[in-house]
Amino acid sequence: MKGRRRRRREYCKFTLLLALYTLLLLLVPSVLDSHSEQDKGRNCPGLQRSLGVWSLEAAAAGEREQGAEVRSLAEGNPDRSPGSPGNLSAVGEAVTQEKQHIYVHATWRTGSSFLGELFNQHPDVFYLYEPMWHLWQALYPGDAESLQGALRDMLRSLFRCDFSVLRLYAQPGDPGERAPDSANLTTAMLFRWRTNKVICSPPLCPAAPRARADVGLVEDKACESTCPPVSLRALEAECRKYPVVVIKDVRLLDLGVLVPLLRDPGLNLKVVQLFRDPRAVHNSRLKSRQGLLRESIQVLRTRQRGDHFHRVLLAHGVDARPGGQARALPSAPRADFFLTSALEVICEAWLRDLLFTRGAPAWLRRRYLRLRYEDLVWQPQAQLRRLLRFSGLRTLAALDAFAFNMTRGSAYGADRPFHLSARDAREAVHAWRERLSQEQVRQVETACAPAMRLLAYPRSGDERDRKTVREGETPLETKANWAV
């Protein structure tokens with residue numbers, strides 16, 4: 001009897017121990033998992049923020065938080081504005097007011113040479129005209145999209161007055177030779193150096209007939225004859241003296257590529273984007289088709305980089321493959337094919353930029369100015385003041401007069417399509433109506449309709465278009481706003 005009771009007690013103890021052991025096995029993994037999740041949270045507190053740092057929604061949320069901080073600072077010291085030295089920058093870091101950098105973001109035949117010249121004429125501006133031309137020429141053939149990162153890195157160096165990057169794309173005189181050392185590079189290798197006000201005036205050119213502060217176009221032949229080339233190091237030293245550095249180019253197709261530069265508080269970058277009626281752009285591109293053919297092919301490769309597109313190029317007489325046998329560039333009908341197709345890619349890039357800026361956070365929009373060529377030539381003085389105010393530059397009566405006179409020339413056309421001269425603004429705006437066929441207009445309007453709508457360019461023949469023609473100088477800029 002006693003033995004039976006003892007066995008029963010031992011059985012109960014064994015059952016209890018087994019139940020406790022089973023419970024322990026179930027609880028331990030659960031406890032470990034709970035601690036593991038807590039550790040993950042402690043180790044990566046900003047995981048979601050890091051993952052979303054490049055989204056506009058996350059940037060906008062950060063902008064709202066930062067705006068509250070800036071407002072509290074402003075309330076504590078009403079004499080200081082959110083952009084004054086010592087306050088928070090747009091990306092939340094303390095910066096001082098230093099050199100201003102401006103990038104003029106445009107495409108071919110939009111009037112960007114005229115816009116850039118307004119900066120070139122200002123005595124407080126160091127201006128570079130399309131320096132990325134060197135990169136495109138050195139890396140041809142290649143599609144525009146694959147070059148965007150290299151263009152951005154080149155811009156970063158140039159804005160810091162470091163021109164050694166140009167050595168990578170300098171063309172040696174002999175194909176068998178190495179590219180010249182940066183110490184031996186001169187201003188003569190820069191694209192369109194003969195019209196640069198800094199290069200063609202004292203102190204870099206003591207014999208120049210005009211001082212740097214004198215407003216007026218530089219005669220390229222006169223500059224070439226009186227201003228011997230100087231080293232790029234001397235140009236770098238001159239660049240560092242100016243409070244504003246402006247670079248104009250047409251080869252950057254995606255505004256979003258510039259976001260890392262815009263977020264860099266040490267760079268203090270702003271962007272001026274120039275648009276133009278795509279029908280006028282197409283008309284101007286057709287007029288200068290041979291000069292834009294290589295560029296158009298590079299843009300067109302952005303859309304189609306596969307074997308099918310290479311076959312299209314070969315069918316039209318162009319060997320697109322590196323190392324392939326050189327072929328003649330296509331004549332007028334085939335050139336028109338490339339120009340029209342490239343314009344479709346450009347309009348797609350415009351639409352992408354417009355949607356990007358429309359949804360951008362406030363800090364980015366403060367660093368962005370949209371300008372239309374038509375508004376600039378109809379109201380040159382008003383738009384110039386708007387441009388200078390955005391760039392932090394003083395107004396000048398001589399520059400006002402220069403802008404007005406450049407838009408009141410005797411004619412639109414010129415024998416040299418890439419030569420800057422005074423133009424008739426009305427001719428410049430409406431020339432496409434007489435020179436493009438109905439089919440060409442239809443093609444452009446079909447390809448560019450979304451961008452045209454956002455920019456308030458009416459389709460030909462509708463009521464708004466007829467009103468624009470009747471009223472002539474009615475400014476259109478106010479109709480193109482951030483809303484769709």
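Cβ from N, Cα, C; glycine included.
Annotated 3'-phosphoadenylyl sulfate binding site per Swiss-Prot: 108-114, 276-284, in sequence order. Reduced to three states, the DSSP call for ARG279 (3'-phosphoadenylyl sulfate binding site) is helix. Remark: ARG279 (3'-phosphoadenylyl sulfate binding site) has TRP432, LEU436, VAL441, VAL444, GLU445, SER460 as non-local neighbours, by Cβ distance under 8 Å and separation of at least 6 in sequence.
Among the features that Swiss-Prot reports, region 'Disordered' is placed at 71-90 (among others).
The region 'Disordered' annotation in Swiss-Prot covers 460-484 (among others).
Annotated topological domain 'Lumenal' per Swiss-Prot: 34-484, in sequence order.
What Swiss-Prot records for 13-33 is transmembrane segment.
Around the Cβ of VAL281 (3'-phosphoadenylyl sulfate binding site), a 10 Å sphere holds 24 further Cβ atoms from the protein chains shown. Secondary structure at THR110 (3'-phosphoadenylyl sulfate binding site), taken from DSSP and collapsed to helix, strand or coil, is coil. In the shown protein chains, 21 other C-beta atoms lie within 10 A of the C-beta of TRP108 (3'-phosphoadenylyl sulfate binding site).
Taking all protein chains in view, 22 other C-beta atoms sit within 10 angstroms of the C-beta of SER112 (3'-phosphoadenylyl sulfate binding site).
Annotation for PHE114 (3'-phosphoadenylyl sulfate binding site): spatial neighbours LEU376, VAL377, MET406, LEU420, ARG423, criterion Cβ-Cβ under 8 Å with sequence separation of six or more.
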